[in-house]
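In what follows, a single structure is set out as structure tokens and then discussed.
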Amino acid sequence: MTFIEATTNRQAGFGGAEENSGPARRSDFAARAPRGAKANTETLPVRILLVLIALGFLTLFIVIPLVAVFLQAFSKGWTAYFSALTDPDAISAIRLTIIVAACSVAVNLFFGLIAAWTITKYRFPGKTLLITLIDLPFSISPVVSGLVFVLLFGLQGFFGHWLQDNDIKILFAFPAILLATIFVTFPFVARELIPLMQEQGTTEEEAALSLGASGLTTFLKVTLPNIKWGLLYGILLCNARAMGEFGAVSVVSGHIRGETNTMPLHIEILYNEYQLTAAFAVASLLALLAIVTLVLKAALERKLERKR
Amino acid sequence: MPPLSKTLRFREPSVIPGFGLTFGLTVTWLSVIVLIPLAAMILYASRLGFDQFIAILTAQRTLNALKLSFGIAFAAAIFNVIFGLIVAWALTRYEFPGRRIADAIVDIPFALPTAVAGIALATLYSPQGWIGQFLAPLGIQVTFTPLGILVALIFVGIPFVVRTVQPVLKDLDPELELAAASLGASRWQVIRKVIAPTLLPAILTGFALAFARAVGEYGSVIFIAGNLPNISEIAPLLIVIRLEEFRYADATAIAVIMLFVAFIMLLIINRLQRWTEARS
């Protein structure tokens, strides 16, 4: 069952940060060490001080803003909350967000799998460059990610006139919103899978192939079961980012109410119109999505830990 | 000796089929979604001509926006290194009530959409807000000032240092510390001479990740910043403003500089990550 161990080691952490559950046991030892060896840890007042600073920092910068979202959302009661969410523009924004996220997750799932397979199952020159290029959307400003599509499809852009002559609408419409979202979420699935599949190597696939399985069967029956949790994790992250993307979508959407507004853009409009309660009501849905994503992540990690 | 055509093949031989198909699909899709759009932007910028390009970038408003974005991103990353280290240290070294929850919420800034964080921070730090009302009597105004941008950029950068330092800290062999202590080193000497050198690559990686993210950040900043030109207007926002004014050339020139920095940061981060792996 080596692959499960490998999976656990690679599960934790967003965006490439990994936690090793193996050495965690050793750090338990370190935490308990003060009882035996005084020199191996800080004095009690220092320990308490450091914990208080850490908790204070997390409370000030993360807990309070998160709590504020929900309190503001319910500040005028349930009725105001639900009327903000059932407003036709809000519903249309929620629907567009879900459709865009579903499409980009599906597309990135497919190509993320293929990219991870290419990178981890074969040896070829230029692999590092390929990984770097796949990572590129991570470090590009979301605004720049949107701008590139304006330059391609806008009226002053490369295909602008051709698109206008042929009456094809891409910018300030659904296609550009989808493209920008796929762009910013491009690395998520591949990034989660590459370290996982690298650790598993190719021996199991080679064994299956030498026993006569076809390439596709090998992938479906050997590779896929090995990576299913990593895959699920990648999907979770990809979805959270797709639903919450603001900068890139804001540049290409055109902000047409009831048509090209996603949830984050709808929040911006409501906020700028001083409809604070409504803005926070819609925001609370996205905050809830973030919390659910993290809870699922923790559950996934615990499940894998117990399997060990 | 095998024929030349066999020795000069692109990839090393493998029994796993499908290289051509999967490699082709990966490169094609990467090109369509990422590379061609980025290349188009660089092509667009190259048509501007060198003088115009420099003129745009050295305009006072652009310079101020770039200075603000890079300066505050740097300050926020420093802040995140200091507090990220303390958080990572407390989470891995000490047992305290709520440790698991504290560990889980470190990831919130990754998962919370930037617009949500933006309006929450702007409301909290406004002079009437929960936090702002205590700062206002002290003469500290956060919203609509660079300080507000700093708050937002600290928020988005929190997880990076914590999540890069944490695994290295967990891997650190406690026996090294015990050995140093038994040889007479004080706790402070152990931290400086044993722990700090091991953590350094991870700290730098975390710093670079937080900085790269903060430089390009848009959604969480614009609500709290107030966006006053030359004072609290960040570079990504100036790109959006230029686009709305249909000054595509201006927007593109700034964007190319930011893309260039992003690429450099990515290369530095890759190097640092390899160093981190080599150390641990």
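Backbone N, Cα and C define each Cβ position, glycine as well.
Lifted from TrEMBL, the feature list:
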TRANSMEM  A:48-74  transmembrane segment
TRANSMEM  A:94-117  transmembrane segment
DOMAIN    A:94-297  domain 'ABC transmembrane type-1'
TRANSMEM  A:129-158  transmembrane segment
TRANSMEM  A:170-190  transmembrane segment
TRANSMEM  A:231-256  transmembrane segment
TRANSMEM  A:276-300  transmembrane segment
(message) Tell me whether the transmembrane segment (A:48-74) sits in contact with the transmembrane segment (A:231-256), defined here as at least 3 Cβ pairs under 8 Å among residues 6 or more apart in sequence.
(response) no
(message) Please report, as numbers and ranges, the same-chain residues at least 6 past the borders of the transmembrane segment (A:276-300) whose CB is under 8 Å from any CB of it.
(response) 11, 66, 69-70, 72-73, 75-76, 80-81, 84-85, 87, 90, 93-94, 229, 232-233, 236-237, 239-240, 243-244, 263-264, 266-267, 270
(message) With Cβ-Cβ distances below 8 Å as the criterion, list the same-chain residues six or more beyond the ends of the transmembrane segment (A:170-190) that contact it, or say none.
(response) 96, 100-101, 103-105, 107-109, 111-113, 115-116, 119, 134-138, 142, 145-146, 148-150, 153-154, 157, 159, 163, 231, 234-235, 237-238, 241-242, 245, 248-249, 251-254, 256, 260, 262
